[in-house]
Amino acid sequence: SKPSKSGKGKDDLRNEIDKLWREVNSLKEMQALQTVCLKGTKIHKKCYLASRGSKSYHAANEDCIAQGGTLSIPRSSDEGNSLRSYAKKSLVGARDFWIGVNDMTTEGKFVDVNGLPITYFNWDRSKPVGGTRENCVAASTSGQGKWSDDVCRSEKRYICEYLIPV
């Protein structure tokens, strides 16, 4: 066999190193997710982890993002019920908790934290009250985990959600 050109060899090596770095980073992400899932709970291809303290809606969402997740978003009644029972166990003493739903951009048009429209709602009777003051949504820890809109600056407990890559 002919000796390879040194340029091509370096490129191959560089590509291999890049590939290894991507694999290492992917493993790190999976490891972090495993830790979250172990500390919290795993439901419907998502892991949930309850907050220790209370924060405003924005601070809560930023905290979740910093940990690689978002505020939890129940996408069905099944998810909503599972989330509420986890909240009841892990947010002892909290009446409600922030979820990743708001109408900050357009009054009355509720979207998730990524700005995408949501199709599942679980509003309490006479909610949302609306108005430009109450733009962030909290779910109750009791009953059927009904939603109510509240002032975003209010300090509440929250649960972060992490999607499990399939």
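Quick reminder: no glycine exception, Cβ is built from N, Cα and C everywhere.
In Swiss-Prot, Cys136 is paired through a disulphide bond with Cys152, chosen from Cys152, Cys160.
In the disulfide annotation of Swiss-Prot, Cys64 is paired with Cys160 out of the candidates Cys37, Cys160. Around the Cβ of Cys152 (disulfide bond), 19 further Cβ atoms fall within 10 Å across all displayed protein chains. Neighbours of Cys37 (disulfide bond), defined as other CB atoms within 10 A of its CB across all chains, total 16. A C-beta separation below 8 Å, combined with a sequence spacing of at least six in one chain, links Cys136 (disulfide bond) to Tyr57, Trp98, Val101, Asn102, Met104, Asp149, Asp150, Val151, Cys152, Ser154.
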